[in-house]
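Reading through the structure tokens given below for one structure.
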């Protein structure tokens, strides 16, 4: 009888200090612009006839996911810096949560597919075009999207079937699972266990597959006689592993203890990593360090 039918939520935003609002607005506006321009450049470059390879197809899909992730979160954050009205409708919150979970899950499985692609290219170069044909590449992307959709539908449905009591203020800058279940006035222990299980399946399973792929790649690299080739491949692999580890750590620390007493400010910083920082870094790490991509980009410009 004390349950409240919430028609909208209020997001607290990133900072409660009015004097920082304009500085944060310009900072995030710059980061968002870099994210969109960088990933759009990758989308345009990778359609060039000389880059019709599975690796560049996956990079193009990754760029689309990164633009979508940033666009789901950052515009609302930018608006909060300029307006005192930080409300978001109930259906707007549902949509935002679905999109964030769908895009993050899809990107995780896509990163695993990309690691497998690099494993085949380096460890089985003579059979690369046979193994990674167009059908296989499309199937891997479709499987990633389907997995993201299933996980997102289940998680979103579970969260919004919980009874919410007042207050309606979400101590976060977007609608996410941990801050939302804090508003529930029922026992969420079963749901927390379900989140942990989903986190293991969504984050740690692809992460282990990625590590195994790169372990096999490193093993093959050590057999290369040329020191220059070894250094170049090690450099590429290490940067990929660093980004994936950063992505894994930020997601795990947020979702493995969804209702913990940890500072919400800490979780906000971790959430910034996978919603804002990673989409900005991916074009630099995965694409612009690639010599072929740089050459095509220079010719196009």
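For all residues, glycine too, the Cβ spot is worked out from N, Cα and C.
The transmembrane segment feature in TrEMBL is assigned to 20-45 (among others). A Cβ distance under 8 Å defines the sequence-distant neighbours of the transmembrane segment (20-45), meaning residues of its chain 6+ beyond its ends; these are 14, 51, 59-60, 63-64, 66-67, 70-71, 74-75, 77-78, 81-82, 276-277, 279-280, 282-284, 287-288, 293, 296-297, 300.
Across the domain 'G-protein coupled receptors family 1 profile' (38-286), the prediction's mean pLDDT works out to 86. Per TrEMBL, domain 'G-protein coupled receptors family 1 profile' is recorded for 38-286.
The transmembrane segment feature in TrEMBL is assigned to 57-82 (among others).
Residues or ranges marked as transmembrane segment by TrEMBL: 88-116 (among others). Sequence-distant contacts of the transmembrane segment (88-116) (same chain, at least 6 residues past either end, Cβ-Cβ under 8 Å): 6-11, 55, 58-59, 61-62, 65-66, 68-69, 72-73, 76, 140-141, 143-145, 147-149, 151-153, 155-156, 159-160, 170, 174-177, 180, 202-203, 206-207, 209-210, 213-214, 240, 244, 247, 251, 274-275, 286.
The feature transmembrane segment is assigned by TrEMBL to 136-160 (among others).
Positions annotated as transmembrane segment by TrEMBL: 195-222 (among others). Listed by sequence, the residues of this chain that lie at least six past the ends of the transmembrane segment (195-222) yet keep a Cβ under 8 A from its Cβ atoms are 104-105, 108-109, 111-112, 115-116, 118-119, 122-123, 151, 154-155, 177, 230, 233-234, 237, 240-241, 244, 248, 251-252, 255-256, 258.
According to TrEMBL, the feature transmembrane segment maps to 234-257 (among others).
If one looks beyond the transmembrane segment (269-288) by at least 6 residues along the same chain, the residues whose Cβ comes under 8 Å of a Cβ in the stretch are 14, 28, 31-32, 34-35, 38-39, 41-42, 45-46, 59, 62-63, 66-67, 69-70, 72-74, 100, 104, 114, 172-174, 176, 239-240, 242-243, 246-247, 250-251, 253-254, 294, 297. According to TrEMBL, the feature transmembrane segment maps to 269-288 (among others).
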